[in-house]
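**Student:** One structure, as structure tokens, below. Some questions next.
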């Protein structure tokens, strides 16, 4: 079919010529049965959900348990981000840097155009306009995703400000990021579809200079919801580098003291290190309250007053389900319980509810994430996939901060970096200054988890928790952080801290109770910002003594807390060659500032 004969192309609700010609070009290439411009309405959402139920992609959950909620079970080959198939196709290879896969953009376009040719046959092509961050921003960051997946359309409605309002913001000639997605599963006439279409061949490709995303073959999460990691981190980090701001893999937390003073924190942790749990913290210390502004991504820029302001570009939560429960994260559970949630790859109970590992209760029988019968204490595999997800509107969160939709964002008092480390790294450390803070973030190490492909348990360096999400050279990225600090008023820069909730004793148990008790660590951080709290100067930064932490009412052995806070010079000396190996890997673009910090650390450790 030519674009003139594809139904729906002639009824576009926009006069944006750039958008229209791109939509036509993609339709001619991919050959869908029809084109639909999405409007983001409730009616459209319900219609698509009904369609997904009919197709067998969605299972409608018991409305008495989860109203207006659904479960999707993916193909077992399509369950997580595929870092091995994710590319940054900058014009020059050096600009992608050592942490990214690179291919010549011309060559990649040619390969992917061959894959896209006719790939939407038998399917509907949806045009999904969306905005990352508040629609009322001075410079709203707009995008359009073209997709042949209804699952993507309904998820994008939850995760972004999607539909008519975003399209109107574009006007007739506004700039937008082009995001093209196909599951790569064309249907021949009369061919029956599968519940979760995808392809064995997968590419998730970014063209940073032209601000484009091309994704093929996966229907899952970050590979397919292109507003999330692809735009908000990979493309946005390249934009931020060019425009003088930061796009970061960080939660945004508001902490309110008993005196009713608010402090805002941005915190970067690798996947599955408790980012969502901290974002939705329930403080255990009397008089302290927490509110959330986001659990995954922060866009930060300096305001006119010289302070660093953060906004969350997302509109929903796309959280890891296993381990989320009424004890670890009651606020996430309340958000989910409000309904309007799409679950992916969790288990289904006999009464139409969902279940996953770590959730209260021991159901005797379930349908597992692969669609098979699962029996308590008999079936040896997990009922829910370790990277199974809930996709739910942010507006349902009971502790959502009122500023969550403010285009100005919130002023950041402290930046936290953290990872999952059994040894070496203390519970909390304050960086000596901004550049030392950049070094701490740049050399962040964490034991690997299930959210990405790779060997679980290995310590991998994950700079600023951005390793899989950098849209340009990691050395240039470190330099960008250093430069922003140099150009700022030092007295207004956020203080930088490193936390590790996961340190273990010799017997393998956790030394710190974590979860809501982490508010005690945050209280010390606030007191450091206010110049009220003590701490010991160590070779790695300032670390509190046991008595510097407010442990009132906490049933924990002081020796355990001391062990969690210990700085063992021998352990750190063993860490040095691992850090050095990573810095050598960063290569020729490693900033002198980061190298200087490493040399100074070596010297302090003797």
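Glycine residues also receive a Cβ, built from the backbone N, Cα and C atoms like all the rest.
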**Student:** If I go by Swiss-Prot, which of 41, 271, 446 binds substrate at the same site as 81, 220, 221, 222, 387, 388, 389?
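**Tutor:** Substrate site check in Swiss-Prot: besides 81, 220, 221, 222, 387, 388, 389, the record includes 271 out of 41, 271, 446.
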**Student:** Quick check: of 241, 249, which does Swiss-Prot put in the same Mn(2+) site as 229, 296?
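**Tutor:** Record source Swiss-Prot; matching candidate: 249.
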**Student:** Per Swiss-Prot, what member of 234, 420, 421 joins 272, 273, 274, 275, 276, 277, 389, 515, 516, 517, 518 in binding GTP at one site?
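**Tutor:** Given 272, 273, 274, 275, 276, 277, 389, 515, 516, 517, 518 bind GTP in Swiss-Prot, the matching entry from 234, 420, 421 is 420.
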**Student:** Around residue 296 (Mn(2+) binding site), which residues of its chain at least 6 apart sit with Cβ under 8 Å of its Cβ?
**Tutor:** 228, 249, 250, 251, 275, 276, 312, 314, 317, 318
**Student:** Looking only at 81, 220, 221, 222, 271, 387, 388, 389, the residues listed as binding substrate, what is the longest Cα to Cα distance in Å?
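**Tutor:** Across 81, 220, 221, 222, 271, 387, 388, 389, the two farthest Cα atoms sit 16 Å apart.
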**Student:** Validating a neighbour-count step here. Other CB atoms within 10 A of the CB of residue 221 (substrate binding site): how many?
**Tutor:** 24
**Student:** Taking every protein chain in this structure into account, which of the binding-site residues 220, 515 has the most other Cβ atoms within 10 Å of its Cβ?
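**Tutor:** Within the set of binding-site residues, the most crowded position is 220.
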**Student:** Where the distance is taken from Cα to Cα, which of the recorded positions 2, 272, 273, 274, 515 turns out closest to residue 387 (substrate binding site)?
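**Tutor:** Spatially nearest to residue 387 (substrate binding site) by Cα position is 272.
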**Student:** Suppose we draw a 10 Å sphere around the Cβ of residue 388 (substrate binding site). How many other Cβ atoms does it contain, all chains included?
**Tutor:** 26
**Student:** Just how many other Cβ atoms lie inside 10 Å of the Cβ on residue 249 (Mn(2+) binding site)?
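**Tutor:** There are 25 such Cβ atoms around residue 249 (Mn(2+) binding site).
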**Student:** Name, in the order they occur in the sequence, the residues of the same chain whose CB lies under 8 A from the CB of residue 229 (Mn(2+) binding site) and which sit 6 or more residues away.
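**Tutor:** The list for residue 229 (Mn(2+) binding site) reads 81, 222, 468, 469, given in order along the sequence.
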**Student:** Can you give me the Cα-Cα distance between residue 515 (GTP binding site) and residue 271 (substrate binding site) in Å, rounded to a whole number?
**Tutor:** 16
